[in-house]
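Listed in TrEMBL for this protein:
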- 106-217: domain 'Phosphatase 2A Regulatory Subunit A helical' (DOMAIN)
- 113-151: repeat 'HEAT' (REPEAT)
- 152-190: repeat 'HEAT' (REPEAT)
- 191-229: repeat 'HEAT' (REPEAT)
- 230-267: repeat 'HEAT' (REPEAT)
- 273-311: repeat 'HEAT' (REPEAT)
- 312-350: repeat 'HEAT' (REPEAT)
- 351-389: repeat 'HEAT' (REPEAT)
- 429-467: repeat 'HEAT' (REPEAT)
- 468-506: repeat 'HEAT' (REPEAT)
Amino acid sequence: ARRCASPAGDKMAGADGDDSLYPIAVLIDELRNEDVQPPLESLATVEETVVRDKAVESLRKISHEHSPVDLEVHFEPLVKRLASGDWFTSRTSACGLFSVCYPRVSSTVKAEIRQHFRNLCSDDTPMVRRAAASKLGEFAKVLELEYVKSDIISLFTALASDEQDSVRLLAVEACVSIATLLPQEDLETLVMPTLRQAAEDKSWRVRYMVADKFSELQKAVGPEITKNDLVPAFQNLLKDCEAEVRAAAANKVKEFCENLPEDSRETIIMTHILPCVKELVSDTNQHVKSALASVIMGLSTILGKDNTIEHLLPLFLAQLKDECPEVRLNIISNLDCVNEVIGIRQLSQSLLPAIVELAEDAKWRVRLAIIEYMPLLAGQLGVEFFDEKLNSLCMAWLVDHVYAIREAATCNLTKLVEKFGAEWAQNTIVPKVLGMANDPNYLHRMTTLFCINALSEACGQEITTKHMLPVVLKMSNDQVANVRFNVAKSLQKIGPVLDSNCLQAEVKPVLEKLAADQDIDVKYFAQEAVSAVNTDSELAWLASSPALPAQPSACMWMSGLITAQN
């Protein structure tokens, strides 16, 4: 009340009834107040969670600047005051401060800190117990091993059995840290009973947390406990009645299998995990199927060629035909994992028909995923196989009704030319691209220009000058203004590939004609291109002139010339 009655508080909190300024007024009063109570301590007790969290974050940073003596004199009493505060807000903030001061205080003070933390773990307010559970693992890491066994384990067991599921799920998160601190021989008796209980918890949120942390738990408890306890638990999570839990577990399938003991890995996967995976492929929930599809391809590298062909390929094929586009997308995006194991021939025979079908899928994102995978697929199939099976698909994408597909298909052609060479492009791709210049649809005619822009550098000067340039020049007479101004842009784009004689004799006259076009956009882009062509010609002349000054001066000269041209 004293603070709120200050002039600053009245002025700021009362102005236009704006309550949002009230916290600022309180802070100003705190800073003016002669009371030496730290402002961060006050901010750590306010109702707004964001403010409290920031105050705790700042206090944690400040603690590292204290010497051990100052820590006991100034900081540790602050933590005690927060931990024993009347409002739950101060007690929740205290939970985040124990771990930063515990390592650097005396044994007596350490005992007091442990007692305060025990009190907060059994606090009457669920929010405080949640805060304590969220910091349990962090606090355990700074404790001596004897106190981890005597104090932390009992707190962990109690929090994992809390009546609030929001507390229990946070205890699961702490389990990972605790398990890494204990010797292997203590895990079975001190941790596993609680973990087994959490894996079968009545609340799906707790089971979800177990599934989400499963790989970390697996690494923490080691191979023997994994074989005896975690494998059955993982099977149950994959079969859980809640889709969210199944999805979280499905997302961990590859990681879990990778971390299994090498001597029994294949047996465990084939006997216990794969049957569950087969069920998830046809799960009723699309999120479960999508999560599985994002990782299932990785099993091929673990199980090897024979098992992949016999057991996994049928699952991949089923997922490629799934009605959910996300499932299909995830399978397509990870095909390279399988290719490394079984080879491109086996892959193409098994999955190519489905891939061809997806290339014409109604969902454009699925078609886009296929395009992005095509260069890799083409490089491994080889030119003959590609021309026979996939070339027609690549050309069909150039006239797709979705611009993003046409754009991606153009980039795809460039990558293919880089793989197969300019001669292949001249015989296979360029004639088909140039044929589109006569298409009745102006969008397709524009695609011809976009392809020429992309291919000119990869194909080189000869093919560009002899085959592509005449088509571009002819298209300058197109009746659609959009095509004409794209002609100007194309001539500017391919200009660096052409020689200076060609630029002056063939390109420049066409650009000057377009610069006088009635359409304002055509004029603009043509004038831009004329400037670029002039610059290119002058730079070419400078580069070939025998009377050039020394190299540094020549560079400055050309730089100045370009600036003047612009």
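Just so it is clear, glycine is given a Cβ too, placed from its N, Cα and C backbone atoms.
Note that the coordinates shown come from a computational prediction; the quantities given were computed from them, not determined experimentally.
If one looks beyond the repeat 'HEAT' (429-467) by at least 6 residues along the same chain, the residues whose Cβ comes under 8 Å of a Cβ in the stretch are 395, 398-399, 406-407, 410-411, 413-414, 416-418, 422, 474-475, 478, 480, 482-483, 486-487, 489-490, 493-494, 497-499, 502. Under DSSP, the residues of the repeat 'HEAT' (468-506) split into helix, strand and coil as follows: 34 helix, 0 strand, 5 coil.
Remote same-chain partners of the repeat 'HEAT' (273-311), defined as residues 6 or more beyond its termini with a Cβ less than 8 Å from a stretch Cβ, comprise 231, 234-235, 238-239, 243-244, 246-248, 250-258, 265-266, 318-319, 322, 324, 326-328, 330-331, 334-335, 337-338, 340-342, 346, 350. For the repeat 'HEAT' (230-267), the residues of the chain that approach it from at least six positions outside its boundaries are 195-196, 199-200, 204, 207-208, 210-212, 214-215, 217-219, 221, 223, 273, 276-277, 279-280, 283-285, 287-288, 290-292, 294-296, 298-299, 302-304, 307, judged by C-beta separation under 8 angstroms. In the predicted model, the repeat 'HEAT' (152-190) has a mean pLDDT of 92.
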